[in-house]
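Student: One structure follows; several queries about it will come next.
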Amino acid sequence: NLYQFGKMIFKMTGKSPIFSYGDYGCYCGWGGKGTPVDATDRCCFVHDCCYGRVNSCNPKRSTYSYSFQNGGIVCDDQNLCKRAVCECDRVAAICFGENVNTYDKKYKDYPTSQCTETEQ
């Protein structure tokens, strides 16, 4: 669920999940459109896509079993639906951790009007 996801984010980044990632770029937070603004925003884009694939599992509210081991996150729920949701959150939290050095405060509270499709 979102609380567990927040704990994963804090563990992997040392940042406040709500204040740092709750409204960042075009995809971190509720909804999303356009092109991700940077690597952190792309983590959110991928996470949104993952939640889309497991939508029938109620990902924002589904409570799953996981643990922190050797600096990593282990999803160990026996329920396949819950484990799938956990994996979405785990991959995103790791992604945030891998991109914490390029996190840019200018994308915090980024106006959605700037989130448009880019021409290829």
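Here the Cβ of each residue, glycine as well, is placed from N, Cα and C on the backbone.
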Student: Among D38, D48, which residue does Swiss-Prot name as a further Ca(2+) binder in the site formed by Y27, G29, G31?
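Tutor: Ca(2+) site check in Swiss-Prot: besides Y27, G29, G31, the record includes D48 out of D38, D48.
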Student: Going by the disulfide annotation in Swiss-Prot, which one of C50, C57, C95 is bonded to C81?
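Tutor: Answer per the record: C57.
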Student: C86, C88, C95: which one closes the disulfide with C50 in Swiss-Prot?
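Tutor: Disulfide pairing in Swiss-Prot: C50 with C88.
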Student: Which of these links to C86 by a disulfide bond in Swiss-Prot: C75, C115?
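Tutor: Recorded disulfide partner of C86 in Swiss-Prot: C75.
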Student: With the disulphide bonds as Swiss-Prot has them, who is the partner of C95, out of C28, C43, C44?
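Tutor: So the cysteine paired with C95 in Swiss-Prot is C43.
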Student: Using a 10 Å radius around each Cβ and counting other Cβ atoms from all shown chains, which of the disulfide-bonded residues C28, C57, C81 yields the largest count?
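Tutor: That would be C28, with the most Cβ atoms nearby.
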Student: DSSP three-state call for C28 (disulfide bond): helix, strand or coil?
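Tutor: Looking at the DSSP assignment, C28 (disulfide bond) belongs to a strand.
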Student: Around C88 (disulfide bond), which of the listed recorded positions (C26, Y27, D48, C57) come within 10 Å, judging by Cα atoms?
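Tutor: So far as Cα distances go, the recorded positions lying within 10 Å of C88 (disulfide bond) are D48.
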Student: Counting only residues 6+ away in sequence within the same chain, which have a CB under 8 Å from the CB of D89 (active site)?
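Tutor: The answer is Q4, F5, M8, H47.
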Student: Across all the protein chains here, work out how many other Cβ atoms are within 10 Å of the Cβ of Y27 (Ca(2+) binding site).
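Tutor: For Y27 (Ca(2+) binding site), the count of other Cβ atoms within 10 Å is 25.
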